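Pulled from Swiss-Prot, these are the features on record:
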type     : residues         : note
REGION   : 3-316            : region 'Histone deacetylase'
ACT_SITE : H135             : active site
BINDING  : D170, H172, D259 : Zn(2+) binding site
COMPBIAS : 388-405          : compositional bias 'Basic and acidic residues'
REGION   : 388-428          : region 'Disordered'
COMPBIAS : 415-428          : compositional bias 'Basic and acidic residues'
Amino acid sequence: MAKTVAYFYDPDVGNFHYGAGHPMKPHRLALTHSLVLHYGLYKKMIVFKPYQASQHDMCRFHSEDYIDFLQRVSPTNMQGFTKSLNAFNVGDDCPVFPGLFEFCSRYTGASLQGATQLNNKICDIAINWAGGLHHAKKFEASGFCYVNDIVIGILELLKYHPRVLYIDIDIHHGDGVQEAFYLTDRVMTVSFHKYGNYFFPGTGDMYEVGAESGRYYCLNVPLRDGIDDQSYKHLFQPVINQVVDFYQPTCIVLQCGADSLGCDRLGCFNLSIRGHGECVEYVKSFNIPLLVLGGGGYTVRNVARCWTYETSLLVEEAISEELPYSEYFEYFAPDFTLHPDVSTRIENQNSRQYLDQIRQTIFENLKMLNHAPSVQIRDVPAGLLTYDRTDEADAEERGPEENYSRPEAPNEFYDGDHDNDKESDVEI
């Protein structure tokens with residue numbers, strides 16, 4: 001049976017700009033939405049312009065001092081915040097840019113609203129490609145991330161769900177989410193990422209397993225350069241299958257960072273768009289309520305292709321290999337296809353022996369789990385908002401203009417293949 005899919009897109013989120021030459025480009029969200037729109041995928045989803053998160057919402061996880069700083073600081077007054085900039089790790093990699101707090105409010109609100117709708121059974125799957133900023137910590141920014149929308153969304157899910165499983169397929173370790181839930185068995189975190197050679201953020205060893213009540217509820221899959229579709233699948237599917245079997249989550253949050261694709265400007269993996277999408281499709285196959293988020297991804301045209309393809313998988317709608325014409329069509333030159341060859345010459349350093357060793361260690365750790373930890377019954381806290389689906393127009397009756405307002409960001413357009421030539425060592 002087809003799932004009900006809610007899709008969250010803020011038409012202004014693509015306007016924000018981290019600064020000249022910065023690898024993180026919110027404009028990729030406008031490209032993604034444009035493809036979703038022109039493929040007609042919006043007809044298969046309930047489309048929402050999302051809620052904007054308040055300071056109070058953000059302080060569910062972050063410190064009040066940090067969030068107050070994010071709201072107050074701007075490029076024009078930042079000289080007066082020198083001490084705070086250092087204290088909160090805001091600077092080169094996490095710059096102060098115009099509308100910083102508003103940007104955080106928009107992507108965080110969408111994840112929070114997605115979680116609320118899953119709680120209220122308005123949808124089976126909620127999609128927020130603007131979210132997934134997994135490095136942000138309680139007291140500081142990190143790796144292009146300011147507010148950890150994932151943690152805030154999971155905290156909302158925990159009002160209704162006894163056990164939430166978090167899966168991260170970004171090339172970078174999901175350190176902010178792991179740190180937030182390191183001591184609890186209510187959330188199990190599973191991260192597949194590049195590890196070693198001082199690769200950011202430097203955490204995510206296989207032996208980081210959680211502590212106290214959360215011991216063995218943190219699972220890391222450290223990978224080496226050049227992993228391809230076959231090797232990734234050899235680990236991903238059996239590991240996730242075992243985790244779901246042992247943990248029995250009642251909800252899943254999936255972070256779909258697209259920097260694990262081949263040809264990503266800041267990545268070193270060799271996944272194809274189909275291989276990346278196969279992970280999403282596999283997680284969907286468990287038929288467990290699912291919050292799908294974005295994350296990293298720095299070759300803009302491939303990020304848009306990847307997340308559009310994964311949207312099509314989530315709504316179970318086949319789409320053509322030829323990209324539909326749109327205002328961003330020239331971004332996808334010279335092939336104008338959905339699945340270009342993104343393989344690189346990076347050698348796959350993940351031998352079958354190495355992958356089998358990881359899998360064996362992970363399975364041994366899973367045996368240490370108590371099956372499906374129980375939660376004491378108590379009153380459910382008030383939800384974020386109350387939704388009435390009758391307020392939504394039928395997808396077939398909505399025109400594209402009701403679902404999409406094109407952002408205009410003249411300073412955000414694609415600068416060519418060398419606009420950020422791997423000089424930064426901090427990424428999502």
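Glycine is no exception: its Cβ is also placed from the backbone N, Cα and C atoms.
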Quiz item: Rounded to a whole number, how many Å is the Cα of the residue listed as 'active site' away from the Cα of H172 (Zn(2+) binding site)?
Solution: 9
Quiz item: Which value does the mean pLDDT take for the region 'Histone deacetylase' (3-316) in this predicted structure?
Solution: 98
Quiz item: Where does D259 (Zn(2+) binding site) sit in DSSP terms: helix, strand, or coil?
Solution: helix
Quiz item: Using DSSP, would you call D170 (Zn(2+) binding site) helix, strand or coil?
Solution: coil
